[in-house]
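Undergrad: From TrEMBL, here are the annotated features:
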{"type": "BINDING", "residues": "S36, G37, G38, P39, D40, S41", "note": "ATP binding site"}
{"type": "DOMAIN", "residues": "416-488", "note": "domain 'Lysidine-tRNA(Ile) synthetase C-terminal'"}
Amino acid sequence: MPASLKGYNKIFSAVKQAITAYRMFQPGDSVLICVSGGPDSVALLHILLSLAPEFSCTLGVAHLNHCLRKKDSDDDAEFVVSLAKQLDLPCYIKKKDVRKYQKQHKLSLEEAARRVRYAFYDQVAERNGFNKIALGHHSDDNAELVLMYLLRGSGPLGIAGIPAVRNCKNSNRQIVRPMINVRRSEIIDFLEAKKLRYVSDKSNKDMRYLRNRVRHQLIPLLKESYNPRIVETLNRLSLIIRSEEKWIESNINSIFKKFAISIQNDKIILSATGIDEIDPAVQRRVIRKAIAEVKGDLRRITFSHIDLAISLLKSGRPIACIDLPDRIRIERNKDLLCFSKEKKRLRDLNIKAGNIEPVSFKYSIVKPGHKPESVYIKEINLNLKFSKINIENLPDLHCAGHNIAFFDMVDVAFPLVCRPFRPGDYFQPLGMAGTQKVKKFFINNKIARLERLRYPILLSKGKIIWVVGLRIDDSVKIKPSTRIVLKAELILA
């Protein structure tokens, strides 16, 4: 048998074996194949096209233009469109400025690209009825990732590598990787044997990126000097760890439920005293699970973050909190440990110059009674909610978040007035000795000129008491003598 044909049969056999072993496809599945135009995704597309009748699946193609390589990115998109047309498959294309998204969300370029990409795939699948999303990751990718996590000192979940199948949160869809047991060299051999065209991404050789250094420098060194089968070894390690992780997680679930007082999508409350008494290894597992439940994943959550949460338990402080990446907050409130995802702040909103014009509004807020008072500011699509609480029920002010403000009720006169920012506005920001123009306060807090239009101003007797979403005035702060508190909450509509 010719070598090319042997390799051809081998890659098909490996893909079929993975599909069967991991139960990736069922008859009637609709599979969205994510195609960058590179060798891996092009090979996956052709292989699944050949296997689709056998597994009774329908296929579609998705491609995201990241706008990272200018004309090359546009050329890649055109290549994928042409390929999908040639194969008579529906094709879904989107263009997204990833660098802009990266700056807005303060992420690494790789993480920004990943988030945008997966959000696009999920959106296409949702709108067009695809229940499976197929990606072209292979065993070399997995080995590289395992090695990267080892270098970072990650825990077992990182070393477990890339899952062959992963459930999407809040949907019945799954992400599948049919080529997870295929080597990169086998993919190239397959493409050459079939004379299939693909595009090359020059950034894959840019040594500024850790993954590329691991791929082109570290793994070849390990292969040559330490273990010729290092890729297979790392994949075996990944498989062992993933299998053991699955067993451990199933046991942690029962322990987690034992200490869970309340479980909601965006908030989990655990017994702090209960967790404090269990083994440190189990503590870490329970805390990690709580974070994963409210965050949706554990990306950007490191061992040091889990350690911070453990410190919160051990600190002896009855009320304290810590903030983790992606607006995750852990709050200790006496015997409770609360995990939540802080609501978006005004500055997190994506404001486009073309959509923002000066607005004019004026709303009066009456004194809240037994029920909260709320006002909807339709001009900027925001809600403000006001309620009265006793000082005994006041939470830790450091843990309240930017969207909530507390005022001494004695220092506030009703009706309050809510209006837009005006040039010449000034107030005394909490903690400052003197007054400051609101414009300068915006500048110091890096609030862009256009963004300032999103910030309502709350006044009492004509005096600013809250630059909403940022800072209250020092004159209305909570004091030792405070007995009744006005709570104001910004709700992003």
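For all residues, glycine too, the Cβ spot is worked out from N, Cα and C.
A TrEMBL annotation is a machine prediction, not a hand-curated record.
Fair warning: this is a prediction, and the values are worked out from it, not measured in the lab.
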Undergrad: Here the binding-site residues are G37, G38, P39; which one has the lowest number of other Cβ atoms no more than 10 Å from its Cβ?
TA: G38
Undergrad: Relative to the Cβ of S41 (ATP binding site), which residues of the same chain, six or more apart in sequence, are found under 8 Å away?
TA: I33, C34, V35, L135, G136
Undergrad: Within 8 Å of the centroid of the Cβ atoms of S36, G37, G38, P39, D40, S41, which other residues of that chain place their own Cβ, given that this set defines the recorded ATP site?
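TA: Along the chain, the qualifying residues are V35, V42, A43, G136, Y198, V199, D201.
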Undergrad: Within its own chain, what residues at least 6 apart in sequence put their Cβ under 8 Å from the Cβ of D40 (ATP binding site), listed in sequence order?
TA: G136, H137, H138, D141, M179, R184, I187
Undergrad: DSSP secondary structure for S36 (ATP binding site), reduced to helix/strand/coil, please.
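TA: SS state of S36 (ATP binding site) = coil.
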Undergrad: When you measure from the Cβ of S36 (ATP binding site), how many other Cβ atoms are you left with inside 10 Å?
TA: 23
Undergrad: So what's the mean pLDDT when you look at the domain 'Lysidine-tRNA(Ile) synthetase C-terminal' (416-488)?
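TA: The answer is 91, the mean pLDDT of the model over that range.
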Undergrad: So how many of the residues in the domain 'Lysidine-tRNA(Ile) synthetase C-terminal' (416-488) end up helix, strand or coil by DSSP?
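TA: Per DSSP, the residues of the domain 'Lysidine-tRNA(Ile) synthetase C-terminal' (416-488) fall into 14 helix, 28 strand, 31 coil.
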